[in-house]
Amino acid sequence: MFEVLVLKIEDPGCFWVIIKGCSHFLEQEVDYQKLNTAMNDFYNSMCQDVEMKPLMLEEGQVCVVYCQELKCWCRALIKSIISSADHYLAECFLVDFAKYIPVKSKNIRVAVESFMQLPYRAKKFRLYGTKPVTLHIDFCEDNAEIVPATKWDSAAIQYFQNLLRATTQVEAKLCAVEEDTFEVYLYATIKNEKVCVNDDLVAKNFAYYVSPMGNKNLNPLEKPRQSLNSVTCSSKLSPSLTLWPMLLQGKDYHRMENKALNYKDSLTDSPKMMLEKQQQSLPLKHTEKCTESSVYWPTKRGITIYADPDVPSVSGSSQRPNEKPLRLTEKKDCDEKNGCVKLLQFLNPDPLRADGTSDLHQLQKVKLGTLQPGVVLRNRIEPCLTLEKSPLSADLKKMALTCLNSDTEDMKVAMEEMIPPEALQRNKFPGPSHTASYSWPPIARGCDMVVISHCGNDPLLYLPPLLTILQMGGCYKSLPSRNGPLAVIVCPGWKKAQFIFELLGDYSMSSRPLHPVLLTIGLHKDEAKNMKLPRGCDVIVTTPHSLLRLLTYRSLLFLRLCHLVLDEVHMLFFEANEQMFAILDNFKKNVEVEERESAPHQIVAVGVHWNKHIDHLVREFMKDPCVVITALEEAALYGSVQQVVHLCLECEKTSTLLQVLDFVPSQAQKTLIFTCSVAETETVCKGSPAEQGDKKTKSVLLLTERNASHAVGILRYLERADAKIPSELYEFTAGVLEAKEDKKARRPLCPYLKAFGFCKDKRICPDRHHINPEMDIPRKLSNKTLPVFGHIRVIPFYISNATNYFGRIIDKHVDLYETLNAEMNEYFKESSNKTSAEKVENLGLYGLEEKTLFQRVQVLEVSQKEDTWGLGSILVKLIDEGRTKLITRDQLLLLPEKFHTLPPQAVEFIVCRVKPADSEIEWNPKVTRYIHHKIVGKMHDAKVVLALGNTLWIDPMVHVTKLSNLKTSIIDYNVRAEILSMGMGIDNSEHLEQLKKLYKEAKLPAFEDLPCQTSIPTTVEDTVCLQGTQQGDGGTERGAGSQEDSDNQKPGVLSEDIGSETISSAPQPHGRSFHPQIKWFQKDDVVILKIKIRNVKDYKCKFFTDRVIFSAWVGDKFYLADLELQGDIRKDDCKCIIKDDEPLITLAKEKQECWCGLLKQRNPNVAFDFDHWEECEEDSPFSKVVNSKNLSCKVAALAESSGSSSDTTDGSESE
């Protein structure tokens, strides 16, 4: 017996090893090192010598070649020669390293005799007395049996490879030598148990034994081999051979082929019969010491299904020391032989279910109803069924218990999929979940890992074992000593990243400091460029877009990275496919450098769904990954099971099934039919008792009208499976979705549809996605309803997110809330009126004292738990401000009926045309905090573009500051521009378009029919224009009208204080012209003018060096604009086009400079376009505030200045 090191495996009949330890076959390792050094010195010095190159090349020739991979000269055998245009290419086998490599003819040298004295270092081995078998299926006879084969099955080879890979020590006992091949009994030590590999292959039906005597049982094609110990072989046998007494007596080869391994008999016997037979032949005490072997039987694409990991398996793969060896001449009858064969079959009755679980145990588990959920594995994994046996550090095991006992709702939600409800109630941790028991061990060993499960969004599937690896600092010592993370966790959104970051903070108390960093980088280049990681940061939690932006400026970020974790991998590839593969390419490039060979490199992907991108991830970026799938419908996608669906009526289901089976080939094959009831089962059995299924795995689904509730889910599954979907299913599903949408008529409008104009998945969203005229009528604040258009003043009190606020509309004339508030304060001044509510009802209206104010509140929820003083917590909503608050019961005051009459004054406001960047659907808290600090409690001016129910859509929303000394006002900021300036939001031009569609579908007035189409009150723009003109020209102009005047203006009427005249937009005689309203903004080299008229006919535009004349007809109205420009333009490069049904003029500047205004003379119909304000502020991460002291010419906050009132407003006339 000697120890060996396996170099290369082709199959159990051909593998190369290095002999270790003391043996008369072994040369000293130092001799090979000296040989290697001498060969390199010699051939490097003689590399240009023509005499050293062989004159001709032949297959089987011994030579010396240069190996690019090993960077040295090696002894080799030429296996084949291929000719090409400029040289010959030889496939060579390196005899000392057991490698096949292609070598150019110029790198082949003659083998010097002195270098060929030492034997080849790689020895060729094969298993002694062991031959391959295969499963032969006779479709005509409808049976299957295991028969001898001429070559090893791929499943046997892969099992053999996995078995040796899992060993800690491999030993061999030499039995024979045939030419250059050593025939051995191979022993592998697995978990301190020694297993005879020869026996194990036979016991698992991967091989059969042949007689060691002469040539009697040899295949006629095989050559006889020389026995090293022919005398002892006749009397001493391997302990495993005691189970095969008749086969070792030289029985006829063909008889063994037909009867020795009768597969059908062994499978048709019941477990009880098999148990009785094996008890008659051999007592079970001989197998009590058997241990579970590392079993792996791959089926399609390497899938193995393990039905019950809880049942300890019994295997015949270990040695049986208590059994006595049998002589070759000893004769047994046929019953004893069959009993021994069936004993092996009982120990592992079905090689297609190679988990070692007996049918008897399976039946017992089914009867008890405790069958564990299935799991599909790519490699054999030993699950950790308890926390004590899990591969976690002791501190983390304690932390798992502590986290579970936490009362925080977030932790309970995170554990929801992992811990059974009864365990949560008992506050006891039962151990890792079913999925975690398979995912933790490979991750803790540093293996590449893919986990697909229904609970695949749970970070606890990978976080504890990952933290365990990060505690072992020794494996990272070879990495460069610079700042950079060891692990990066990529999440599909900032919200999940925030949760994992907080979870890391909790777990870091039980580990060495990892200094995790939450990385969310916006669109601004400077933010990524100036980002600096703190020293000692070992873990980064981020999103794909943020990480890629950082990599753009920090190319060495992955220099120390060893662990890349992809959380919710299916969502990552769905929402950021290009970014993910860019990150993976960068990671692969960094970990494959030679300096990183000794450091770990691991990719862990955890998700809910399998898709083609994950398949590409496994093939291109992972090395021998472990794949765990506990969602069996996802395993079908992984296994490429063909999905077919047929739609039919319930009454036609049986006939449709028979039609499907008619397309089955004439030779009967296996079909498994699932039915909904016993009656259907009997009908199907009578209708087609002998029909069988397709040879290729196929799933055929019959969908009837009774399965309408499953139609949407089935369609989504078939889409992910890339199946051929009949058009009828799309129509059927559309009808189902429409019916579901009708049922949601009383549900609130989808918040995402309101905020952004779209919902990510209407099929699963519980809210409504259409306008209900009954529910969405603008509600009344008093005797007036909410405004559906026009300009308003608002004060936001509660900031839900960056674009969603709750507040009040301020009416300058009659503020009913102020009156109510004054009356409530006066009432509650009397201490006798402050009566606490004894009985609290849900949705009841009460009073609440806050500092010096009294608020009306509505009870939303009353807590069932009471504190020590008997005061339970109550969740209330302040109906006049929109915010919610948690208070105690004694804070509620009885509210008189007279204070109930005024409807709630809180209104919901949504800022339009902006949405989160990076395909997010939730605003980053950084933006929400900034906007909250900016706008809460302040008066703002806004334009209403839509009103539904209690919600107003506003665009724009600005903060205005009055300059009383100058009798004018300026705009401090535009809320939408502020959001965009943070770099966390992008333009959402489709927002209003989607709202228009909703309006049309609900048959409500179209947007164009709404009376108000003006922008911010002209007086506000005029005051800003005046400020810009004063800044640019240094002159003094008259102030525009006050802001109060603008509140009174009606749609289509713009009031000016110049001469106190009011100019109407009523239709005028044909002989007169109208001046169109114009919005403008500028870039470095051009100025853009938007003419705010639609349905234009016969438009003309003439360009001069300092002037533009535009004219057009709209219906029976003639519009004319003669604009004298502030600066010069290149008239040949200017153009006028129709875009979005409106004229758009582009003026090319003569010089690339910033204009402080558009016109030399002020025109009230020409205003700066504040919607493009942010485009002038790209260079700054924050928007510039317009004020009276510092007005930038670049931002030009800047409508136009005017010296006279000769020009008129939109619709005004000129002679």
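Placed from the backbone N, Cα and C atoms, the Cβ positions cover glycine too.
In Swiss-Prot this protein carries:
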{"type": "BINDING", "residues": "S453, H454, C455, G456, N457, D458, P459, L460", "note": "ATP binding site"}
{"type": "DOMAIN", "residues": "56-118", "note": "domain 'Tudor 1'"}
{"type": "DOMAIN", "residues": "440-628", "note": "domain 'Helicase ATP-binding'"}
{"type": "DOMAIN", "residues": "809-909", "note": "domain 'Tudor 2'"}
{"type": "DOMAIN", "residues": "1073-1159", "note": "domain 'CS'"}
{"type": "REGION", "residues": "308-327", "note": "region 'Disordered'"}
{"type": "REGION", "residues": "1027-1071", "note": "region 'Disordered'"}
{"type": "MOTIF", "residues": "567-570", "note": "motif 'DEAH box'"}
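If one looks beyond the motif 'DEAH box' (567-570) by at least 6 residues along the same chain, the residues whose Cβ comes under 8 Å of a Cβ in the stretch are 450, 456-457, 459, 462, 489-492, 496, 500, 605-611, 614, 617. Taking DSSP states H, G and I as helix and E and B as strand, the domain 'Tudor 2' (809-909) has 22 helix, 39 strand, 40 coil. Within 10 Å of the Cβ of D458 (ATP binding site) there are 24 other Cβ atoms, across all protein chains. Among the listed binding-site residues, namely G456, P459, the Cβ with the most fellow Cβ atoms inside 10 Å is that of G456. Across the motif 'DEAH box' (567-570), DSSP classifies residues as 2 helix, 1 strand, 1 coil. Averaged across the motif 'DEAH box' (567-570), pLDDT for the predicted model comes to 93.
Most buried of the binding-site residues S453, N457, judged by other Cβ atoms within 10 Å, is S453. The Cβ neighbour count for L460 (ATP binding site), using a 10 Å radius over every protein chain in view, is 24.
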